[in-house]
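Peer 1: Sending over a structure as structure tokens; questions will come in a sec.
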Amino acid sequence: MKSLIGTLGLYCLFILTNNVVSSYGDDLYPLTIMHTNDFHARFEETNVKGNPCKSGEKCIGGLARVLHTIKKIIKEQEKKNIESLYINAGDNFQGTIWYNIGRWNVTSELMNIQPPDVMVLGNHEFDHGIDGLLPFLNNMDKTEIVVANMDARDEPQVAKKIKPFTIIKKKYRNIGVIGVVVEEVPDLANTGKLKFRNESEAILEAARNLKKEDPSVNIIIVVSHVGFDVDKIIAERTGSEVDIIVGGHSHTVLYTGTPPGPEKPEDNYPYVYNHPSGNKVLVVQAVCHAKYVGNLTVFFDKKGKVVTYEGAPIYMDTKVEQDKDVLEAMKPWRKLIDEKTKLVVGRTNVDLPRDICRSEECALGNLYTDSMIYAFGGKENCKSGSTWTTAPIAFVHAGAMRSSLHQGDILYSDALLLSPFTNMVVAYDLPGAQLKAALEFSAAPKNEDEKRRFLQMSGLKVTYNMSRAANNRIVDLKVRTNVCPYDQYENLDEKKTYRVVSPSFLQGGGDGFKMLRDYAKNIQNQKIDLDALVDYLKKFSPLAPKAEGRITIIH
């Protein structure tokens with residue numbers, strides 16, 4: 001009998017501790033936050049590096065595992081009477097052929113199988129401009145989309161779909177959620193007439209406004225796409241109002257202890273900032289590419305102060321089941337993608353790695369810019385005239401090239417991964433002084449991230465002395481003429497005007513190249529960059545491009 005009573009007692013204790021009834025909220029209110037960021041179209045499984053999973057490799061991640069995990073946590077917490085919130089911190093677009101072909105359509109369809117409660121836009125959501133974003137916003141109608149530091153008054157269709165903040169009305173508490181995207185997003189993508197401002201200032205203003213709208217709100221979460229370093233600044237500047245920051249953009253690994261994956265953590269999960277006001281601000285991020293699902297339960301007191309917390313990111317390895325609804329919904333998309341991408345468009349006899357393109361001349365960049373030149377005329381024109389083209393100079397920023405090419409056949413999917421942004425290849429007149437300024441700007445990054453703007457080129461020969469001060473590093477610069485015979489060079493004349501070719505993103509001032517936006521004249525659109533690349537591959541394969549002295553670096 002004593003054994004039976006003891007067993008019943010333990011059972012009752014188990015029920016009480018695993019079924020958090022509403023009275024628990026009289027002392028502490030638990031809230032579970034599930035979060036993802038920088039998904040980058042990893043609908044399918046990947047290898048541990050986030051690349052397509054090949055035979056023999058360990059396959060992890062994929063949307064089916066992510067959404068299985070989200071659904072499972074929600075159900076488990078409901079049984080305990082713990083409320084939950086599913087947050088997406090942006091950059092769902094771009095990164096695989098699934099997005100290149102399916103764009104907003106596949107992204108919204110599959111995300112809506114278990115839509116986030118709240119989402120902020122990342123910079124890559126703007127990769128195809130306002131026209132590429134609006135259908136996504138219209139289809140994500142079950143998700144609150146928040147961006148407080150964006151002024152959309154000049155883009156009214158966007159303004160209809162995005163708020164600075166939202167108030168999530170749960171059973172036991174109302175929770176304010178404010179969104180911010182990296183302030184420099186116009187330099188990273190095509191944002192149309194949208195304007196952006198400082199993240200912290202926008203958060204403080206939104207916090208005041210949401211409390212006016214609902215004075216009962218004393219828990220505020222920021223969902224950000226600004227990077228971990230900026231998140232820490234936000235915690236410092238807004239910590240009197242903000243309790244939790246759910247971040248993205250920097251693909252940061254936060255984990256307490258040894259993580260289950262191969263990544264090395266940058267800091268604990270969560271990162272804790274003790275604000276002078278007495279608030280404890282928790283900062284979290286869940287790596288990228290569907291490798292992890294963030295899982296944090298926070299316990300708040302009656303005043304909305306963080307008392308304690310528990311949880312860790314969940315690794316999406318093979319132990320995690322895959323959601324059947326997601327797998328079924330992916331089947332027609334996979335068939336379409338396979339049909340479009342398995343066509344052979346060229347061949348390279350050498351590997352063409354992308355990694356070095358951010359700091360030195362690379363063969364991949366030579367191939368890419370040569371294809372841009374070919375879109376406006378080739379050297380074969382010298383057979384019938386005294387000039388071979390109207391635009392003998394081309395350049396592209398390293399950040400435009402998103403994948404390496406490997407020795408062997410080049411599939412359409414390979415070209416698509418290399419050149420996914422569908423910018424126009426444009427020619428325009430540019431003063432020599434501004435051409436030189438663009439090259440100086442490309443060789444003056446302030447940090448590793450800014451190396452994406454390093455220019456690869458065709459029709460230019462430049463020598464940089466990197467020991468000299470920024471914006472004064474060019475020691476020699478020659479430009480190709482359009483006069484036959486092909487490939488003649490002369491010294492740059494800063495007072496002369498040159499006809500150059502670049503992606504439309506650069507010509508529009510993207511990545512900070514404001515001189516191209518402000519001084520370009522007689523702009524001529526030719527074709528999409530991917531089409532220019534494929535046409536060149538078909539014409540000249542097999543290829544064996546190499547570094548050939550277009551860029552010389554002196555240290």
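Cβ from N, Cα, C; glycine included.
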Peer 1: Since Swiss-Prot lists ASP38, ASP91, ASN123, HIS225 for divalent metal cation 2, which candidate among HIS68, HIS249 does it give for that site as well?
Peer 2: HIS249
Peer 1: Considering each pair of residues in ARG358, ARG402, PHE421, PHE505, ASP511, all listed as binding AMP, report the largest CA to CA distance in Å, no decimals.
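Peer 2: Greatest Cα-Cα span of the listed binding residues: 18 Å.
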Peer 1: Reduce the DSSP letter at HIS225 (divalent metal cation 2 binding site) to three states and note it down.
Peer 2: strand
Peer 1: Please tell me which one of the binding-site residues listed here (HIS40, ARG402, ASP511) sits closest to ASN295 (N-linked glycosylation site), measuring Cα to Cα?
Peer 2: HIS40
Peer 1: Around HIS124 (site 'Transition state stabilizer'), which of the listed recorded positions (ASP38, HIS40, ASP91, ASN198, ARG358) come within 10 Å, judging by Cα atoms?
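Peer 2: Qualifying among ASP38, HIS40, ASP91, ASN198, ARG358: ASP38, HIS40, ASP91.
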Peer 1: Using DSSP, would you call HIS124 (site 'Transition state stabilizer') helix, strand or coil?
Peer 2: helix
Peer 1: Can you figure out which of ASP38, ASN198, ARG402, PHE505 (the recorded positions) comes closest in space to HIS249 (divalent metal cation 2 binding site), comparing Cα atoms?
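Peer 2: That would be ASP38, nearest by Cα distance.
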Peer 1: Here are the recorded positions: ASP38, ASP91, ASP127. Which has the lowest count of other Cβ atoms within 10 Å?
Peer 2: ASP127
